[in-house]
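Accompanying notes for the structure given below.
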Amino acid sequence: MEEIPIKVAVRIRPLLCKEVLHNHQVCVRDIPNTQQIIIGRDRVFTFDFVFGKNSTQDEVYNTCIKPLVLSLIEGYNATVFAYGQTGSGKTYTIGGGHVASVVEGQKGIIPRAIQEIFQSISENPSIDFKIKVSYIEVYKEDLRDLLELETSMKDLHIREDEKGNTVIVGAKECQVESVEDVMSLLQVGNAARHTGTTQMNEHSSRSHAIFTISVCQVEKNAEAAENGEWYSHRHIVSKFHFVDLAGSERVTKTGNTGERFKESIQINSGLLALGNVISALGDPRRKSSHIPYRDAKITRLLKDSLGGSAKTVMITCVSPSSSDFDESLNSLKYANRARNIRNKPALNISPQADRMDEMEFEIKLLREALQSHQASISQASQASSENVPDQNRIHSLEEQVAQLQEECLGYQDCIEQAFAFLVDLKDAVKLNQKQQHKLQEWFSRTQEVRKAVLTPLPGNQGIGNLEEGPQHLTVLQLKRELKKYQCALAADQVVFTQKDLELEELRTQVQLMMQESKGHAVSLKEAQKVNRLQNEKIIEQQLLVDQLSAELAKRSLSVPTSAKESCGDGPDARASEKRPHTAPFESHWGHYVYIPSRQDFKKVCSSTPVYSLDQVFAGFRTRSQMLMGHLEDQDEVLHCQFSDNSDDEDSEGQEKPRVRSRSHSWAKKPGSVCSLVELSDTQAESQRSYLGNGDLKMESLQESQEINLQKLRTSELILNKAKQKMRELTINIRMKEDLIKELIKTGNNAKSVSRQYSLKVTKLEHEAEQAKVELTETRKQLQELESKDLSDVALKVKLQKEFRKKMDAAKMRVQVLQKKQQDSKKLASLSIQNEKRASELEHNVDHLKYQKVQLQRRLREEGEKKKQLDAEIKRDQQKIKELQLKAGQGEGLNPKAEDQDGFNLNRRKSPFRSGDQFQKLDEQRKWLDEEVEKVLSQRQELEMLEEDLKKREAIVSKKEALLQEKSLLENKKLRSSQALSTDGLKISARLNLLDQELSEKSLQLESSPTEEKMKISEQVQALQRERDQLQRQRNSVDERLKHGRVLSPKEEHLLFQLEEGIEALEAAIEFKNESIQSRQNSLKASFQNLSQSEANVLEKLVCLNITEIRAILFKYFNKVINLRETERKQQLQNKEMKMKVLERDNVVHELESALEHLRLQCDRRLTLQQKEHEQKMQLLLQHFKDQDGDSIIETLKNYEDKIQQLEKDLYFYKKTSRDLKKRLKDPAQGAAQWQRTLTEHHDAGDGVLNPEETTVLSEELKWASRTENTKLNGSEREVDNSSSSLKTQPLTQQIPEDGPDSLPARSSIAPSSGQLQSIADKTEARPFTHSQSPVPHQFQPVRSIGPLQGVKPVKLCRRELRQISAMELSLRRCSLGAGGRSMTADSLEDPEEN
């Protein structure tokens, strides 16, 4: 198997609304066109996939998950899990939230993968797929089944199968058939999952969730299926795990207390174990060391995904906010380590697939044979139900035939031997003619017999044909039908190919036409755009020409009049002073030019005029850029929107004094000058009106864009909700229709049974009448007897008792008959009830279909509405682009406007000083507002700087704590290294001493006599051993000092974690220092500017020569600042409240959808239960119909008694099983007890078996081998310990010494513990012999070992089965037979006994 690394993807979520409102900085960003990511200033990480803040769900799925789905279909296991801190977008990415409240474009990985899987299934019709789904939650280190909430946590266990794969025992796996079924189960599990609200996340996942899709694939072989032959096909079972991990949490940030705090502890411990596993697998130096999978349950579940046999993708979700810098850095480090983990993917093909297929085919054939055999037996039993003696005779004849066949086989064997012997004898011995003739006749007769034996008898052949006839006819009939269907299919395929060709041709034509239409539409749009621009320019030019010509005509008419009237002393001038904007123009131009209405004026003035000012165009472009930025980011965050009312008020304030100045200036100059001034002012006024209309146009476009986008989101939510409800309604309608079919079927069965029981009702009525008549006659006789005076009192009393008994019996009979009659009437009324229920269900289905039609109509309406909104949004975007284009073109247009503007300025500077004064006042006002804004921004910067300083202090304190821990560990490491070095020096000194002693001893050995040489050599060997040991110690100490391994592995791991934490905190401190430095620099610059501006303010105020104004201005200035700051805070709170309201609305929508889903789910479960009830009713009705007149009450009572009896047996066998399991825990005691049993048996029987016992043992061995083969052919089998034990009792039952008549009557099937003990005591008191009872061999009494009474075979794996010896088998069967019943031979034994 090839090793491949797991794929790691990183996704950066956009800033949240709260983060944008509080001006959080972005500390994580991706590098475009690369797979790299930068955190802080210079920390770069490289991953397999990187997704920025603008990435979509579709992009993430197509890049990372789609290859995993294809691998799943190929037969590989796949896993995707999301990792990251809380609130980083893991659940959103995986798709584990509320499915119904999510629009189509925001669906996560799980819904998209489900659709892809079922699409792949539909594309492979030659493979039979079975899809199963499970949903498990790890909450507080406990497993919880989200699809079956009633399952106890103690029933869920993590185990490993035979292949080493991790499985969850006890989890519910639901088989699904469609996407709707899977989505419904996913929604049920998501609704049951633990979530909570913290300070960091409104919908924080409080548990780890694992959604598993199992795909079982079986290849089809149509040709082999046609011939009815066995065929081999591959079994592929693959799984896809979608893991949504809970996020790591900081208690200081989340603010969790109480239960949430306990959850945080469990979540962090599980994620710490996962991080340790990733570190151990990702570190190449620790690959051979232990991997701590068992530290947490989530790591045990992910064992196959991390370092196992699955294809894995890890999606790390990070937050770009600067407040989460350290968490994001740690997540990226873990993700970088995970890239070093290597898995070994393997195809999940079942190794026993061929064997299983062969067994399934054999089982199918055996079932068919069994059905045909049962049919023949049922026919024979119906035909011979009254001929029981004939059946016994048939059985006896069959036994005789079997014996005769055995004798015949023996005779054939003898004849064969004699034939061979006579052939040899004929060649070896000379015979006379007569003997040769007889021998030849015997040979010929033998040959004839052989031919007759080889040729089958016609009777046997007929029997074989009878047995194989129905199957053969069925196969032939099926083959004919199959050929007919194949011919029809071939004809249909020809037709379909023709239609496909026609369809392809039509599609190509449609595509060509669509392309042509698109080309025409593009050219049409371009032509319309050019035409519109030309029309607008023409209209503007025409309006300008009309205005100028009207003005010239007006001035030419007003020249002969007096100068006084023309300069503004008349009534028209006064009217123009009062209404300078529109009244003079309308009064003078009304007869010459067309004044458009408001709507027409809006259409005409929609574009920016050519003669706009540069500064106004600059402001216009700035607003356009702000609007486009807002439109790009409005799907992600809500931006702060500051009103421009002050600017509008300022512009209005500037316009009013200018108007006044113009109105006053009319009376100071002669007519010609007045005409020039009026003309220039008119152009300026029209210019301002056009500019005002442009701003209003932009604001209205912005507002309409926001409203349309909000409507679009609402429409998408409504569409998604309606689609979800339609899917649910479709499932409910289908289930209710199935229930109606079952009700109709039950009604038909009830009608047939009611017709059968109607006859019974009439019969019961007749019997009841007869019983009543007998009762009245008995009463009359009793009354007559009482009225008579009998002399014999005893006889009278006796007769009275007899009559009373008859009366009681008659009453009971009448009551029983009435009850039977009532039961029959109830059964007859069952069909009417079913009809009523069916009609109610049909009405309900009609109502659901009506709801479905309404939803479809609503879907169409919402779809049209969505299309309209999309078109409006596109139109608005096009208008915005046009306005920006015109604004950009207006910068360099028409220098005449600049000359005109310069002329106006020069004109205002020279003759009209009042206009300049008002303009200065407006400029001062603007300047004052700018100074206020500067101070506000400076205060805001100061607040942010204080927050950054506090955060830096917290990080520094945390770093100091980590440094203290690190210093302690380093000191300990230093002390340990010093101790090791001293130990090394001591060992080296001791080695030197030993070398000296060895050299001395070697000299002594050379010079010493032979007697002392032995002692000296022993001393030398001891010194050498000591030197070797010291050498090894010194080598180990040197190695530890060389590699620096002076601490324990746990302490080294802790030191490594501390170093990483300190590094992350240093990076965070560095980032904070940079941000603080930049803020301080900006504050210094702002302080300098502010001091200069304050000096300017003081100079200007001093120039006013009014001392009181200074104090007033300062008060006003502070008051304005405080008010603006309060306004800013209120706006911030308002927007936060709006976001909370929006989130609450989303929660309400999710809860409403969940409630609707649960209501439909409850209806679905109720329908399923009703369907199961109807199926049981059909079974009961069929049973009653087959019984042909038996009482319902009696049958139900028999069933209840049988159930009670079975419950008693089940309790007894469970208790026996528990006792045996307790005994099996002590293998030594069991071995000793078994040895004693064997000793007693050998002592009792002297170790010799008679021939009869040998025959019995051989038969039992055959029976045991068949039992073992049966067990080995199946995987595991449970023994039916209630009914099978009663039906298959062997003939070796224990009969007491008094004979079979003295057997005790049993009140229950299973003996009690007291009976077992008494039997055990009797068994120990009697010797084991075969001569105590005169009964035949099949009823020989055998003795039982008490502790083995009532043994229940334990469910074992095939690897634990073994073959039982003959002696052991005999003893076990004897022990089981002594209890009065037979049990399957138990093959359980301790491993130590093997």
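Just so it is clear, glycine is given a Cβ too, placed from its N, Cα and C backbone atoms.
Looking at Ser646, Ser651, Swiss-Prot tags one of them with phosphoserine, and that residue is Ser646. Per Swiss-Prot, the annotated phosphoserine among residues Ser55, Ser643, Ser1313 corresponds to Ser643.
Range with Swiss-Prot annotation coiled coil, chosen from 173-207, 278-312, 1118-1152, is 1118-1152. Between the CA atoms of Ser88 (ATP binding site) and Ser999 (phosphoserine) there is a gap of 73 Å. Ser999 (phosphoserine) and Gly89 (ATP binding site) are 76 Å apart (CA-CA, integer value).
Taking the binding-site residues Gly84, Gly87 in turn, the residue surrounded by the fewest other Cβ atoms inside 10 Å of its Cβ turns out to be Gly87.
When the Cα atoms are compared, Gln85 (ATP binding site) and Ser704 (phosphoserine) turn out to be 38 Å apart.
Counting only the Cα atoms, the space from Gly84 (ATP binding site) to Ser999 (phosphoserine) is about 67 angstrom. Counting in whole angstrom, Ser999 (phosphoserine) lies 76 from Thr91 (ATP binding site) by their C-alpha atoms.
Between the binding-site residues Gln85, Ser88, Thr91, Ser88 has the most other Cβ atoms inside 10 Å of its own Cβ, all protein chains included.
Cα separation, Thr86 (ATP binding site) to Ser704 (phosphoserine), rounded: 36 Å.
DSSP assigns Thr86 (ATP binding site) to coil in the three-state reduction, outside any helix or strand. In the structure shown, the C-beta of Thr86 has more C-beta neighbours within 10 angstroms than that of any other entry among the recorded positions Thr86, Ser704, Ser999. Looking at Lys90 (ATP binding site) and Ser704 (phosphoserine), their Cα atoms lie 34 Å from each other. Cα spacing between Ser704 (phosphoserine) and Gly87 (ATP binding site): 32 Å, rounded to the nearest whole number.
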